[in-house]
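Notes for the one structure printed next.
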Amino acid sequence: MAFLKLRDQPSLVQAIFNGDPDEVRALIFKKEDVNFQDNEKRTPLHAAAYLGDAEIIELLILSGARVNAKDSKWLTPLHRAVASCSEEAVQVLLKHSADVNARDKNWQTPLHIAAANKAVKCAEALVPLLSNVNVSDRAGRTALHHAAFSGHGEMVKLLLSRGANINAFDKKDRRAIHWAAYMGHIEVVKLLVSHGAEVTCKDKKSYTPLHAAASSGMISVVKYLLDLGVDMNEPNAYGNTPLHVACYNGQDVVVNELIDCGAIVNQKNEKGFTPLHFAAASTHGALCLELLVGNGADVNMKSKDGKTPLHMTALHGRFSRSQTIIQSGAVIDCEDKNGNTPLHIAARYGHELLINTLITSGADTAKRGIHGMFPLHLAALSGFSDCCRKLLSSGFDIDTPDDFGRTCLHAAAAGGNLECLNLLLNTGADFNKKDKFGRSPLHYAAANCNYQCLFALVGSGASVNDLDERGCTPLHYAATSDTDGKCLEYLLRNDANPGIRDKQGYNAVHYSAAYGHRLCLQLIASETPLDVLMETSGTDMLSDSDNRATISPLHLAAYHGHHQALEVLVQSLLDLDVRNSSGRTPLDLAAFKGHVECVDVLINQGASILVKDYILKRTPIHAAATNGHSECLRLLIGNAEPQNAVDIQDGNGQTPLMLSVLNGHTDCVYSLLNKGANVDAKDKWGRTALHRGAVTGHEECVDALLQHGAKCLLRDSRGRTPIHLSAACGHIGVLGALLQSAASMDANPATADNHGYTALHWACYNGHETCVELLLEQEVFQKTEGNAFSPLHCAVINDNEGAAEMLIDTLGASIVNATDSKGRTPLHAAAFTDHVECLQLLLSHNAQVNSVDSTGKTPLMMAAENGQTNTVEMLVSSASAELTLQDNSKNTALHLACSKGHETSALLILEKITDRNLINATNAALQTPLHVAARNGLTMVVQELLGKGASVLAVDENGYTPALACAPNKDVADCLALILATMMPVSSSSPLSSLTFNAINRYTNTSKTVSFEALPIMRNEPSSYCSFNNIGGEQEYLYTDVDELNDSDSETY
């Protein structure tokens, strides 16, 4: 809030603050602006209301002052008057229709302000004008909340008497009693309780009023609530009881009261902490701790992470409390889950007095903690020299390593405190001792850029060229982390060898380049020329073989965008076109990552622009175009020779323009087009940049291509134009632009691809309704052209009902009975795939339900053969499909359902059959449905057939009855026939005898060799549907692989 000087305000405002109505009247008469606003939008009326001057308020309003004017905080004059507890001012404002429901930016009404400021008389004037006294502010608090928080008993009584909801809660679910308890307003708490407030209510975090009172130390409220019998051990959402909360906040009087009333002193919260843990840690918890310990609190109780109260004192440096806990029987060397004792914790946080106390009490200074470290490790790592000194005085082997082989000197070197390091060195620490990774303290000092420690270690005789397990020297680590070069320079001056390579073949130059440390590179170059370092493998490496890395420092600097480091490198390294294992140059990597400065540096130094990598045969121009780095692209093209570099092709024939369009980089597309890129260049699949834009749907890129004359009807190797691809992918914006372009060239966009499919086929097949609608608006697509597997076939086979309906509405109902090259209608397609909605649509437009294809199959047969039960049910029930029809192999729909084991479909058909002749109808192999169902083990179908009079004695072309047809092969069938003949001897004239002997007559004629033919199996004609999900030959599967733009067509039928 800005404080303004009164003398700088208008005369009218000054007169108001002087309380002079006559002067105000005179100024108003002189046409002073009564609605003037200061820089916080406060008007003179706000000032009068703030002062509570009713006469001046009246005068201003009558002179045209806006009674509901809002300042920058949305406060009205009524808010101001109420805040000043001026009843007269409020009455005047209300008389002139001041808005009692006006809200400020905190959504507080004048009633909220009155409740907070104990303006009872003002509230009495406001309440009768309000429809609801329970309106809440932005925090969800009602006027009752504010009154309770402020401790205004009279206001609370008034609000309750006028219908205030005593249990209303704010956005944290806190009620008025929570706030009154927290603030210690005992009379208000009693008043609320007497009016039915819940004393055990909980907020969102399950804090009760007792928690609230305990946290703020309001003992009178605590006692009152305890007298009412509330549960003193009730946990909140974190498991903290009121005793926990009181200890955490250091409210010793409340703690004493709770303990006296029987609170559980060892109650654990969700993390396993007891009140004693909180008392040990909190700022003002000393007296609380004394009370807890004196009342039986367990000093060795552990939290879930294994910490005892003694750990907590060590963590927060509570020296006197640690003594109390130790005297009460605490275990000195108890471990937490990381294995750390209180001594470890105290050492880690540098609490010297606590360390003294713990050691005096017998703490083991040689006890291992996390990762096997001693307390001395932690003190040295954190740089607490006084703590180190105390721990050293206890006496133990200073070079004892932790679990990773690191000594205390390693820790001190990593921590960077010179005093700790010197203390350890003077005590005799071994500065050449290595950890399990082969690193000495000098490695750690270099890695952390601790110059003073590094200086001390080298001065003590530490080897500067020692290798760790990765083959790295301290110089490698300094090159990685040293931004100002001090550590690296000192190592170089002390004979560190910059040519030594690690096991990956990297030396200090590589590391400096990778992290962009220009100063380090300059320092190394001043010692040894960089090109010399790159040619040598190091010096005294154990292996004689050259272990140089395939990645050069130039690659590393370029890839990470360190152009300043790159500037140093290009001055010394002559081969700027050095390649990595995949054949990429530093310029390629810089262009790929979009590092313009690096690209500029390399080009200016003569790096080759048109060099191709080994794998994709791409140049840096391709790399920049792929990732949309337009600035890099302009630099590369502008400096490339010859000029046709803009259309350079990669291994797949792709130009930079194609890659830019493919990835939707409009800026790059325009840059390339402006440089003369061939807009119709083709790759090895015959696809142009426009084909790619059609597939990816990048409209801006497509527009740019069309503006530069791209041909929209160029065909790829499969005969597909960009119009085909945009329709197949559903990119309506791109399709519209292409159709418009075709129209402007007076070209026919309805051309078919190599398999006869038009864009309409593709759009229908993939269900892109908006594209279908757009294409059908073109007169040329309203003609039946292309593959006989029509767009309607394509739509229904993939259940694209919307597209199918558009086709029928636009092209007429006659298309529902169109046939493909194998005589199949759209109804066949819908039946094959069980798309009921499409089936219903076709039937509603008089599709011929009994039409047959070239194999004699009806849609019902197609559905029955493929087990499409929903379609079968619809066709036999709603569409009354003919059940007596037979295909070219004399199979009925019932035969086909049974032959494929589709029991449900067979039962649905059987349900509609009443003709016994149809039940016993035979196919070309003389098999009845009973033969086929029995052979396939369809028990329920067999039972139904028998119930409908199916003949059990009918014989097929092999002389087998349905019973014998159950045999898995002919040999078993003939054996079964022999057994049946022996079991049931009957006269030769009986039907059973003749049937049996027909089956076994080959056994009774000894002059012939027994030879059984295989039982004919129900099989489809070669032209049957194999997979109606594809369109092959004339019905090629409509499919586009957007990513590869190189799809394959599989035969369907």
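Glycine is no exception: its Cβ is also placed from the backbone N, Cα and C atoms.
Here the candidates are SER206, SER989, SER993, SER1007, and Swiss-Prot annotates SER1007 as phosphoserine. Within the set SER361, SER630, SER988, SER1011, Swiss-Prot records phosphoserine at SER1011. Sequence-distant neighbours of the repeat 'ANK 23' (787-817) (same chain, 6+ residues past either end, Cβ-Cβ under 8 Å): 752, 755-758, 760-769, 772-773, 776, 824-827, 829-830, 832-833, 835, 837-839, 841-842, 845-848, 851, 1028-1029, 1031, 1034-1036, 1038. A Cβ distance under 8 Å defines the sequence-distant neighbours of the repeat 'ANK 21' (718-747), meaning residues of its chain 6+ beyond its ends; these are 688, 690-691, 693-699, 702-703, 706, 710, 712, 753-755, 757-760, 762-763, 765-766, 768, 770-771, 774-775, 778, 1038, 1040, 1042, 1045, 1047, 1049.
Within the chain carrying the repeat 'ANK 26' (889-918), a Cβ under 8 angstroms from the stretch's Cβ atoms is held by residues 856-858, 860-861, 863-869, 872-873, 876-877, 881, 883, 924-925, 927, 929, 932-933, 936-938, 940-941, 944-945, 948-949, 1018, 1021, all 6 or more beyond its ends.
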